[in-house]
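Reviewing the structure listed below.
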Amino acid sequence: MQPCLLTLRLVSRFIRCSRWCAVRRDDQHSRRWSSSGSDKQLSQGIESVASYIKQQASNILVMVGAGMSTPSGIPDFRSPGTGLYDNLQKYDLPYPEAIFDIHYFMMDPRPFFTLAQDLYPGVNYKPNIAHHFLRLLHEEGKLQMVYTQNIDGLERLAGIPEEKLVEAHGSFATASCTLCGRRHDSGRVKKAIVEGDVPVMCEAAKCKGKVKPDIVFFGENLPSVFWDYHLQVPFTDLLLVMGTSLEVTVCMYQHFM
């Protein structure tokens, strides 16, 4: 079996509980494959996508959601019973989303820092085969860009270079003061969070702001680089959507179609 086909079969089986689709576009027509349908249709779709990747695709745009990381043990946010928002009782929050609300963080940062101890990239969770598949696309010179909704940093850990990665909801890779905006050493911030020495305070003179990883909270703007996706789309010949229902990234998907 061809390596690309074998890898795609393993990836599909690994994230079968979630959703994925692929959209091919060229000058003549477009075609869409997805994880829905019968096992036979799924198998045929995987073979078609693998063949197109190997023989033709040279600019593959990938959109990644929480379902990509659930096989690594990281819960998604909204699944009933198992999602993150359904398992925050121990934090005694006024509402589940408060743990990522910038206004609540300013009042009480402890719930977020406690959660961050568990979520910090590379501490408890590792990239899975789906993440390594993206690295394989990069190594083969076929990866145009990865747009991820995830904050777990597993794409970075898998070896996707920063210039090929847009983390729409931010990441733990950098950290800033919530008041003055000063950048802080991410190693220092990680050490403080993992060891429970929080909140992390700004080192700038006369600033008493709290420092947090540059995760995009409710009430904060998406990183400006996210809105550059329209510059990528005209050169894309294959769009892969993995582990997301497209409810968040639908604007980019519609632009591509």
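Any Cβ shown, glycine's included, is placed from N, Cα and C.
Just so you know, TrEMBL annotations are computer predictions that nobody has curated.
Annotated features in TrEMBL:
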ACT_SITE  His169  active site, proton acceptor
BINDING   Cys177, Cys180, Cys202, Cys207  Zn(2+) binding site
DOMAIN    39-257  domain 'Deacetylase sirtuin-type'
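Shown on the structure are the features that TrEMBL records.
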residue : record                       : contacts (Cβ under 8 Å, 6+ apart)
His169  : active site, proton acceptor : Thr148, Gln149, Asn150, Ile151, Ile215, Val216, Leu222
Cys177  : Zn(2+) binding site          : His184, Cys202, Ala204, Cys207, Gly209, Lys210, Val211
Cys180  : Zn(2+) binding site          : Cys202, Ala204, Cys207, Gly209
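Ranked by how many other Cβ atoms sit within 10 Å of their Cβ, the binding-site residues Cys202, Cys207 place Cys207 at the bottom. Under DSSP, Cys177 (Zn(2+) binding site) is assigned to a strand (E or B) in the three-state scheme. Each of Thr178, Leu179, Gly181, Arg182, Glu203, Ala204, Lys208, Gly209, Val211 belongs to the same chain as Cys177, Cys180, Cys202, Cys207, is absent from that list, and has a C-beta within 8 angstroms of the C-beta centroid marking the Zn(2+) site. On the 0 to 100 pLDDT scale, the model's mean across the domain 'Deacetylase sirtuin-type' (39-257) is 84.
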